[in-house]
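TrEMBL annotations:
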BINDING   A:D32, A:T47, A:D78  Mg(2+) 4 binding site
BINDING   A:D32, A:D78, A:D221  Mg(2+) 3 binding site
BINDING   A:T48, A:D49, A:D126  Mg(2+) 1 binding site
BINDING   A:D49, A:D78  Mg(2+) 2 binding site
BINDING   A:H56, A:E274, A:F331  substrate binding site
BINDING   A:G125, A:D126, A:R151, A:S223  ATP binding site
BINDING   A:D224  Mg(2+) 5 binding site
DOMAIN    A:30-143  domain 'PurM-like N-terminal'
DOMAIN    A:155-312  domain 'PurM-like C-terminal'
Number of protein chains: 2
Amino acid sequence: MSPGRPTERALIELIRRAAPAPAGVRVGIGDDCAVLEPSVGASLLATTDLLLEDVHFRRRYARPRDVGWKALAVNLSDIASMGGRPRWALVALACPEDVTTDEVEAFWAGALALAAEHGVAVVGGDTAASPHGWAVNVTVLGETGRPPLLRSTARPGDVVAVTGALGRSAAGLALLEHPDAARGLTAEAREDATGAHLRPLPRVREGQWLAAAGGVTAMIDLSDGLATDLGHVVEESRVGARVDLPRVPVGVSARAAAAALGRDALAWATSGGEDYELLLTCAPDAYARLAAGLETATGTPLSAVGEIAAAGTGLHWTDAAGREVAVGPGFEHFVTGRARV
Amino acid sequence: MSPGRPTERALIELIRRAAPAPAGVRVGIGDDCAVLEPSVGASLLATTDLLLEDVHFRRRYARPRDVGWKALAVNLSDIASMGGRPRWALVALACPEDVTTDEVEAFWAGALALAAEHGVAVVGGDTAASPHGWAVNVTVLGETGRPPLLRSTARPGDVVAVTGALGRSAAGLALLEHPDAARGLTAEAREDATGAHLRPLPRVREGQWLAAAGGVTAMIDLSDGLATDLGHVVEESRVGARVDLPRVPVGVSARAAAAALGRDALAWATSGGEDYELLLTCAPDAYARLAAGLETATGTPLSAVGEIAAAGTGLHWTDAAGREVAVGPGFEHFVTGRARV
């Protein structure tokens with residue numbers, strides 16, 4: 001253990017200073033359990049994610065502050081996808097022996113900065129030594145007073161829509177992995193893409209607005225990419241779906257990065273993953289109201305990209321000429337032919 | 001990834017089969033979040049622990065089933081220490097690429113077996129690849145309708161007492177690390193000690209009984225050992241404490257293992273850790289009632305080992321002759337001299 005490694009006591013003080021008396025917290029960090037006061041009549045939402053160095057992030061370019069931010073962000077995105085309000089987080093961090101106090105404090109600063117943005121209290125924490133790289137687990141608890149928006153309730157005929165623009169995170173990852181390969185890219189495009197990858201902005205307010213607006217029939221967050229996550233909706237809802245590739249909103253920075261790197265921005269948008277935008281379904285006559293209302297309320301655009309089809313028809317993708325193309329989850333290149341579910 | 005590695009879908013089905021419709025679960029594993037229905041008027045308890053291979057367990061002797069059991073057990077013990085009722089668990093597991101389906105299923109079988117014993121529903125799960133060894137994170141959510149028992153509320157003059165017998169887990173660890181060094185030990189003693197280390201039994205029913213009985217002023221679970229955990233009570237309650245070493249209940253199997261290995265059973269009992277017994281404080285006139293009642297209700301003995309002293313007096317240990325001896329957290333040998341806090 002490094003002499004600069006912070007004690008558990010110092011960590012507790014750090015977190016207590018960040019949020020001395022958060023709402024709904026009877027006992028915060030420092031006892032065996034957090035003691036929380038749920039809202040009467042609300043459902044409790046719970047989600048957890050385990051992130052490992054060199055599987056989910058690379059310390060070569062993800063600073064400790066980024067790791068803390070993203071570990072919380074991916075869980076807030078799960079709460080957002082149900083239309084919930086995130087309230088409390090438990091954060092466990094294991095680091096190699098040579099970690100410094102500055103690095104651990106930066107990790108917590110990243111997590112606490114995003115927590116503060118969303119009114120989330122960090123109520124449990126754990127630090128341990130790791131023999132191989134960083135390991136982070138975050139659990140977020142949220143609430144909703146409405147029926148949560150599920151991935152299993154899409155209906156044939158529904159519109160499929162996504163928030164924001166896709167492919168930015170995959171573009172950022174490509175730029176971070178190949179820092180010398182895109183010299184012609186503007187600093188703005190580079191920062192937009194790498195920022196989307198390192199410090200994603202979970203669509204918490206958008207999810208809550210959409211749940212309150214009514215008319216959304218199913219929702220999921222885009223963590224694994226449009227192809228995989230729409231596949232989850234199709235499977236869990238026992239429906240089919242069709243996506244018009246020209247309508248998929250591809251991020252400007254993703255297009256610029258793809259041009260500079262000789263890559264395919266649309267492939268990043270459909271299969272790159274980690275955009276943490278929301279994918280929703282709604283009745284066709286609800287779409288215009290939801291799109292206009294969401295943009296007015298939050299500034300975030302909503303784009304219709306396809307429609308839900310009958311059960312057993314699978315997941316299909318069509319290009320600008322109306323031809324069916326195959327889009328593989330996690331693959332970056334399209335091949336013409338039959339689509340796969 | 002091994003061809004035998006189970007898919008996420010198979011995992012979801014495994015968990016759904018284990019508990020098809022648990023109470024208080026509106027949406028279980030398989031969506032972005034679990035959706036839970038807390039009891040009206042209850043406080044919510046939340047605790048999380050991250051366990052890494054070769055830090056918290058060794059695959060050389062901890063079977064996958066043991067790892068699943070223990071990862072849940074250490075969190076149930078935290079709920080027990082507040083007097084709470086555990087209800088829901090979220091389990092994240094990352095394994096190296098060469099893991100087999102049998103190993104992953106055994107891990108889940110271990111966690112689900114202990115969950116079933118305590119009426120806990122596993123409502124969230126995550127599997128990922130790990131580049132180095134197993135990593136497991138479990139979060140447990142519980143409830144209590146009473147004020148939770150804290151570590152910060154012990155009062156000078158209170159009795160200090162512990163459930164069960166201590167040192168068994170440390171003895172088991174010593175036996176597992178040195179399997180050839182204790183040939184004279186009976187199979188019964190070996191199994192008691194190694195079982196205590198590999199598959200600890202969290203004192204959930206004991207914690208609930210003690211909370212309901214009234215008169216307990218503070219409680220904590222013995223995860224880090226009596227010296228360290230009583231130190232937490234002393235620090236958080238801003239009191240001192242004195243422990244009579246001859247009154248510390250040392251497990252029979254720990255004494256046998258210590259004799260066979262040439263080690264000190266009392267040192268294991270005070271500083272070995274991982275016993276997952278409960279340490280409580282109570283008014284002197286409540287102790288006899290609590291001890292008799294707990295043993296009648298649960299079969300678990302309660303032993304008074306010392307008393308809480310005034311603030312600022314530190315943590316002191318005395319031997320059979322009444323002499324003060326030093327007991328270090330995590331150390332296995334006693335040295336005569338001043339005690340440390």
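Every residue gets a Cβ built from N, Cα and C, even glycine.
Shown on the structure are the features that TrEMBL records.
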residue	record	DSSP class
A:D32	Mg(2+) 4 binding site	coil
A:T47	Mg(2+) 4 binding site	strand
A:D78	Mg(2+) 4 binding site	helix
A:G125	ATP binding site	strand
A:R151	ATP binding site	coil
A:D221	Mg(2+) 3 binding site	strand
A:E274	substrate binding site	coil
Using Cα positions only, nearest of the binding-site residues to A:D126 (Mg(2+) 1 binding site) (A:T47, A:R151, A:D221): A:T47
Candidates A:D49, A:D78, A:E274 (binding-site residues) - the one closest to A:G125 (ATP binding site) by CA: A:D49
Integer Cα-Cα distance in angstrom, A:D221 (Mg(2+) 3 binding site) to A:E274 (substrate binding site): 9
CB within-chain contacts under 8 A for A:H56 (substrate binding site), separation at least 6: none
Conformational class of A:H56 (substrate binding site) under the three-state DSSP mapping: coil
In sequence order, the binding-site residues (A:D32, A:T47, A:T48, A:D49, A:D224, A:E274) whose C-alpha falls within 10 A of A:R151 (ATP binding site): none
Inter-residue C-alpha distance, A:S223 (ATP binding site) and A:E274 (substrate binding site) (nearest angstrom): 4
Inter-residue Cα distance where the pair is the residue listed as 'Mg(2+) 5 binding site' and A:D78 (Mg(2+) 4 binding site), in Å: 12
From binding-site residues A:D32, A:T47, A:T48, A:D49, A:E274, the one whose Cα lies nearest A:D224 (Mg(2+) 5 binding site): A:E274
Within reach of chain B, those binding-site residues of A:D32, A:T47, A:D221, A:D224, A:E274, CB-CB under 8 Å: A:D32, A:T47, A:D221
